[in-house]
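*Asks:* To start, I am sharing the structure in question, which I have written as structure tokens.
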Amino acid sequence: MNYRDYLQQLIYKIINPLIHGMIKIGITPNFITTTGFILNVVAAGMFVYAGICGGQNDLSILGWAGGVILFAGLFDMMDGRVARLGNMSSKFGALYDSVLDRYSELMTFFGICYYLSVKDYFIYAIIAFVALIGSLMVSYVRARAEGLGIECKVGFMQRPERVVLTSLGALFCGVFKDITAFDPMLILMVPLTIVAVFANITAFARVRHCYKVMTANEKKND
């Protein structure tokens, strides 16, 4: 069992009572998915608001936005769990979840890029945009590969890691907004830079994985 599976099982043990309660009162996976998406839209709006109207409290707003993203990530875990335990899994539900996940990331990174641009952190905004590109490509390569019949889950920087790094970066940027030893914006940018680098590495690693699998399959068919 790798670290991701271990943490997932640990979190499931904690939230399972809540999951069973949701199933009992009739909450559907799609409702949970939609709620998580709305929370990410709220977080994106908070980044935009911090850029326009935040003033001296803008970093505090960033911190709250990070907390909202982290909370929304919990819904991202619960929808699939409710679907499985409640026997409500469906192909449309899987599609709906995947589509709203992509919209959620787009909205979140749009908010971050907007904030950084408005605050004249131009280089930081580019890094955030590169992180967005990598995040989308990780998901796209997997979806395209699975459409070709290839399982493609390799790589480190998957969605849970991206959500945790982005949300905690924003959260702690707000918590330590009054630090004077360095620009507190670095607290957000270090994890975003990690996402930017490793998400794109993961995307290319998945392309390489698909190439190896396809090449091996072609040799078998010869």
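Even glycines carry a Cβ here, placed using N, Cα and C.
From Swiss-Prot, for reference:
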{"type": "BINDING", "residues": "D76, D97, D101", "note": "Mg(2+) 2 binding site"}
{"type": "BINDING", "residues": "D76, D79, D97", "note": "Mg(2+) 1 binding site"}
{"type": "BINDING", "residues": "G80, R84, S90", "note": "CDP-1,2-diacyl-sn-glycerol binding site"}
{"type": "TRANSMEM", "residues": "32-52", "note": "transmembrane segment"}
{"type": "TRANSMEM", "residues": "58-78", "note": "transmembrane segment"}
{"type": "TRANSMEM", "residues": "99-117", "note": "transmembrane segment"}
{"type": "TRANSMEM", "residues": "121-141", "note": "transmembrane segment"}
{"type": "TRANSMEM", "residues": "163-183", "note": "transmembrane segment"}
{"type": "TRANSMEM", "residues": "185-205", "note": "transmembrane segment"}
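Walk me through where these features lie, including what they touch and how far apart they are.
*Replies:* D97 (Mg(2+) 2 binding site) carries a helical DSSP state (H, G or I).
Remark: D79 (Mg(2+) 1 binding site) has P29, N30, I32, T33, G36, G93, D97 as non-local neighbours, by Cβ distance under 8 Å and separation of at least 6 in sequence.
DSSP assigns R84 (CDP-1,2-diacyl-sn-glycerol binding site) to a helix. Non-local contacts of R84 (CDP-1,2-diacyl-sn-glycerol binding site) by the CB criterion (under 8 A, 6+ apart in sequence, same chain) are absent.
For the transmembrane segment (32-52), same-chain residues at least 6 beyond its ends with a Cβ under 8 Å from one of its own Cβ atoms are 22, 58-59, 61-62, 64-66, 68-69, 71-76, 78-79, 82, 93, 96-97, 100, 103-105, 107-108, 110-112, 114-115, 117-119.
For the transmembrane segment (99-117), the residues of the chain that approach it from at least six positions outside its boundaries are 33-34, 36-37, 40-41, 43-48, 50-51, 58, 62, 65, 69, 72, 76, 124-125, 128-129, 131-132, 135-136, 139, 159, 162, 166, 170, 188, 192, judged by C-beta separation under 8 angstroms.
Taking Cβ pairs closer than 8 Å, the transmembrane segment (121-141) reaches residues 98, 101-102, 105-106, 109-110, 112-113, 152, 155, 157-159, 162, 166, 185, 189, 192-193, 195-203, 206-207, 210 in its own chain, all 6 or more past its ends.
Long-range contacts of the transmembrane segment (185-205) within the same chain, counting only residues at least 6 positions beyond its ends with a Cβ under 8 Å from a Cβ of the stretch, are 59, 62, 112, 121, 124, 127-128, 130-131, 133-135, 137-138, 140-141, 154-158, 161-162, 165-166, 168-170, 172-173, 176.
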*Asks:* Relative to the mean position of the Cβ atoms of D76, D79, D97, the recorded Mg(2+) 1 site, which additional same-chain residues have Cβ within 8 Å?
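*Replies:* The answer, listed by sequence position, is P29, I32, T33, G36, F75, M77, M78, G80, L100, D101.
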*Asks:* Which chain-mates of D101 (Mg(2+) 2 binding site) that are at least 6 residues away have a CB under 8 A from its CB, listed by sequence?
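*Replies:* Same-chain residues close to D101 (Mg(2+) 2 binding site) (Cβ under 8 Å, separated by 6 or more) are D76, S139, R159.
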